[in-house]
Amino acid sequence: MSGSLTLLKEKHIRYIESLDTKKHNFEYWLTEHLRLNGIYWGLTALCVLDSPETFVKEEVISFVLSCWDDKYGAFAPFPRHDAHLLTTLSAVQILATYDALDVLGKDRKVRLISFIRGNQLEDGSFQGDRFGEVDTRFVYTALSALSILGELTSEVVDPAVDFVLKCYNFDGGFGLCPNAESHAAQAFTCLGALAIANKLDMLSDDQLEEIGWWLCERQLPEGGLNGRPSKLPDVCYSWWVLSSLAIIGRLDWINYEKLTEFILKCQDEKKGGISDRPENEVDVFHTVFGVAGLSLMGYDNLVPIDPIYCMPKSVTSKFKKYPYK
């Protein structure tokens, strides 16, 4: 990348806008299973860039509703695919961003809540769908979706919190499940789940200190962050690590200047978008987490983003906080 480093806002907006015009590309159809997630990533990036109107609200809402899986009572990534917790959260986030949760209607909302709660297991963990994959991503996904819907209960929250705490490791990180390797994305899902449950006080001061050190040690000499020791830096960890540090009040433990430079070097200055590392191909996933990371660092008057929900603070400020009064 040549010249002085700056965020190419307009190019990123045009890049995101162009993604749905590439239906002639084979890659477009290979990513069907990520379509609803991709719309959430794109919309959130546009919100951070202060350009949510780039997407046509009515068209997005219509597509979200077309992904409803009536057999299981939740949202799939694409019409006629199977429902999953991850895509259900994306659907709820999109509708909440547009202040359109009421389009669900009473019956669909009841079924949606039942689907989410029904994926919780006896140990407090959640499976993503009926096929049974279990890890801390789905605990966060379930609690986040229920929180946005205002439907958290102690029967769901308390065992979920117990499971998350069992995933804390001796090195200050969190794993996919108890005794699994620490990973930055799991730090976010676990800390995010505890924050949504209003249970961060279940972590001792010493544990919070250890978590902070493990997270800030993810920064490498070139400025980028990795997900675990001995791995390459990746722009997406600008979100997973920074949001986790923000949740525990240690955001300034990262060198902002170096991380900002790393993210900006990952931009495609011709077509827009952000990649995982400099000179690699861009995608909407790394674009949203790149601009979200910059927002957390207060860069260039970007729209403030909530580190717990990865949604604009102007949206999350309306959510009911658990425990409900």
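Cβ atoms are placed via backbone N, Cα and C, with glycine included.
Keep in mind that what you see is a predicted model, and the values were worked out from it rather than measured.
Database features (Swiss-Prot):
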- 57-99: repeat 'PFTB 2' (REPEAT)
- 109-150: repeat 'PFTB 3' (REPEAT)
- 157-198: repeat 'PFTB 4' (REPEAT)
- 183-185, 228-240: geranylgeranyl diphosphate binding site (BINDING)
- 208-249: repeat 'PFTB 5' (REPEAT)
- Asp234, Cys236, His286: Zn(2+) binding site (BINDING)
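Of all the binding-site residues given, namely Pro233, Val235, Tyr237, those whose Cα is no farther than the 10 Å limit from the Cα of His286 (Zn(2+) binding site) are Val235, Tyr237.
The average pLDDT the prediction assigns to the repeat 'PFTB 4' (157-198) is 98. Within 8 A of the CB centroid of the Zn(2+) site residues Asp234, Cys236, His286, the other residues of that chain are Val235, Tyr237, Ser238, Ser275, Asp276, Phe285, Phe289, Gly290. DSSP labels the residues of the repeat 'PFTB 3' (109-150) in these numbers: 24 helix, 4 strand, 14 coil. His286 (Zn(2+) binding site) falls within a helix when secondary structure is assigned with DSSP.
Counted within 10 Å of its Cβ, the other Cβ atoms near Pro233 (geranylgeranyl diphosphate binding site) come to 23, all protein chains included. Across the structure, Pro229 (geranylgeranyl diphosphate binding site) and Cys236 (Zn(2+) binding site) are spaced 16 Å apart at their Cα atoms.
Across the repeat 'PFTB 4' (157-198), DSSP classifies residues as 23 helix, 2 strand, 17 coil. In this structure, Tyr237 (geranylgeranyl diphosphate binding site) is part of a helix by DSSP. Every protein chain considered, the tally of other Cβ atoms within 10 Å of the Cβ of Pro229 (geranylgeranyl diphosphate binding site) stands at 12. A simple Cβ count within 10 Å picks out one of the binding-site residues His183, Lys231, His286 as the most packed, and that one is His286. Most buried of the binding-site residues Ala185, Val235, Cys236, judged by other Cβ atoms within 10 Å, is Val235. Residues of the repeat 'PFTB 5' (208-249) grouped by DSSP class, helix first, strand second and coil last, total 20 helix, 2 strand, 20 coil.
Residues near Tyr237 (geranylgeranyl diphosphate binding site) in space but far in sequence (CB under 8 A, at least 6 apart, same chain), listed by position: Ala184, Ala185, Arg218, Gly224, Leu225, Asn226, Gly227.
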